[in-house]
Amino acid sequence: MKVDKLPKGFPMITQAPTTKVVEKGHNAQLSCSAIGSPMPIISWMRNQLPIDTSNPRYVVLESGALQITDSDPDDQGKYECVATNSVGTEYSKSTQLYVKIRRVLPHFSRQPDPVVEVTLGESTNLTCVAYGSPMPYVKWRKEPATDLTPDNQMPPIGKNVLHLKNVHESANYTCIAQSDLGVINTTTYVKVRSWLNVIDEKRKISSDKSSHNLSSTALPLAPENVQVSEITATSVKLTWSYKGPESLAYYVIQHKPKHAHQAYAEISGITTMYYMVRSLSPYTEYEFFVIAVNDIGRGPPSSPVVVTTGETKPGSAPRRVQVRPLSSTTALIQWDEPETPNGQVTGYKVYYTTDSGQPMSNWQFQTVDNNQLTTISDLTAHAIYTIRVQALTSVGPGPLSSPVQIKTQQGVPSQPEMLQAVEVGENKVTLKWNKPSISAENILSYELYWNDTYAQEKHHRKIPVAENYTLTNLYPNTLYYVWLAARSQRGEGATTIPLPVRTEQYVPGAPPRNVTGLPTSPTSILVKWEPPPVERSNGRIVYYKLHYVENGRSDSESSIVTLNGTEFVLDELKKWTEYRIWVVAGTSVGDGPPSYPITVRTHEDGMYHDNMSTIFFSHGCVRP
């Protein structure tokens, strides 16, 4: 219906929601406002269904915006706002909300020593700390297979201190850190020393070294008959024998991928002649050595044993997915094998849809034998399709590739590749990209789109044919989303996935607000203030500078106090004296403008706060 034919008072959406990208666990806000008579009520839909307003994480604000707290991957989808009054209903264009998940493999930030000695009957603590995203669970296991976490309890997250009391036996203890992204472990050998051992050692130290038996100074022999069993995708069990006469302290296992140019990983403090080596890479050929250690040192390594770990699901997605329209209803898709296939790739699944907000189970897909090229047919003409590819092994499917978009229109360019921000300032961003792989020779211009989380506005600019561009006049310390499309004579091609870019911080653009001063004694003044407005902070306020000087003196003679809070008591001042006071806020870049000065007089002797309660204040104006 044309605007001039709409009934009087019909709702009109004045601010529609724009594409958003939010990190899991953070808040997201989709803007929407409308006019009409009577004033329309705004509601929201996700994937063409009304949102569940009983969910406390979804709140429609007074402005009409949708506030989503603690964002979850299930929140991802296409959103549209709906303005309704007694005259009619108006729908906004749908927009996409993307929920990104930060993923960091588990790592140890603190692990116990490989060998910990404890006297018989005494106690010791083993501390293990790991980090990652998501944060890993940390638990202890007494080898060979005793889990030290109670069955009815979850292991601690991030840190686990194992309290060993009244220790009577030597043993290996393994710290295990596990998240959805993987498992790592480290082993500590707790060696028990009896009081007789301690006394005997003291006697040996004080005795004549020349009386030592030569056999006690010999290094151990190499372990023999190293065997491998219980092979999985990430672990193998080693067993061995030892025929030397020496009394050993422990064994060491060294291992690495056979053809990798890297140092050997070590597992130390092993006191049994078997060990389960974990946290290996799937479908990888490894080389293992076993070394015996006594009080003198390490002996020679055993003969190497070589084993290939088992298969598992692919650990990464297919790479360099490219799509080319062959006609208005057919497209050609090709890709490269995953970097970490974790086994023999047996095939691929190619998913495609015109509605990327719906669950993957609703996408169309095509299964491809072990080939890296296929065509998809019966597509809708002149539509934008999103394509993702997944590798398969005999164990199961791996992760999906990043989405690639294509417009089913013969002759339009494919999406530009490798869009990235190569230089970021406080008010400008330099972008760089590679030209599309399809129809690149016919590009007439690029269409650049961006929105920001401060002004909640979407922008569009036609830019010349190049492979870089600098966006200017941006807000400092603001998150922008940028996406790009190429245009030929046949039309605009598919856009890139939105790229998040945050501009750098800058000095505050406004002074602290509501600076007040209250004399609290003949020699002190309490000064309070509020931070600059958030929209003009230009970054995180990391300090304040409180200036004060006797009235009548120049600003250059002022004393300065640097602090983090928003109040401070100036003391050791002169009695019954006027002071000029102002405050400056600063980010990591530097100082902002000063507040307008206030003038405060200290008390006379014998005057109290109760009978002299005048407060002097400033409204946060910038000084002339």
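Cβ from N, Cα, C; glycine included.
Listed in TrEMBL for this protein:
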DOMAIN    11-96  domain 'Ig-like'
DOMAIN    106-191  domain 'Ig-like'
DOMAIN    222-312  domain 'Fibronectin type-III'
DOMAIN    317-411  domain 'Fibronectin type-III'
DOMAIN    415-506  domain 'Fibronectin type-III'
DOMAIN    511-605  domain 'Fibronectin type-III'
Stretch of maximal Cβ-Cβ contact with the domain 'Fibronectin type-III' (222-312) [cut-off: under 8 Å; candidates 11-96, 106-191, 415-506]: 106-191
Per-state residue totals over the domain 'Fibronectin type-III' (511-605) - DSSP helix, strand, coil: 6 helix, 51 strand, 38 coil
Segment-level pLDDT (mean, integer) for the domain 'Ig-like' (11-96): 89
Summary of DSSP states over the domain 'Fibronectin type-III' (317-411), given as helix, strand and coil counts: 3 helix, 47 strand, 45 coil
Residues of the domain 'Ig-like' (11-96) by DSSP state, where helix covers H, G and I: 3 helix, 41 strand, 42 coil
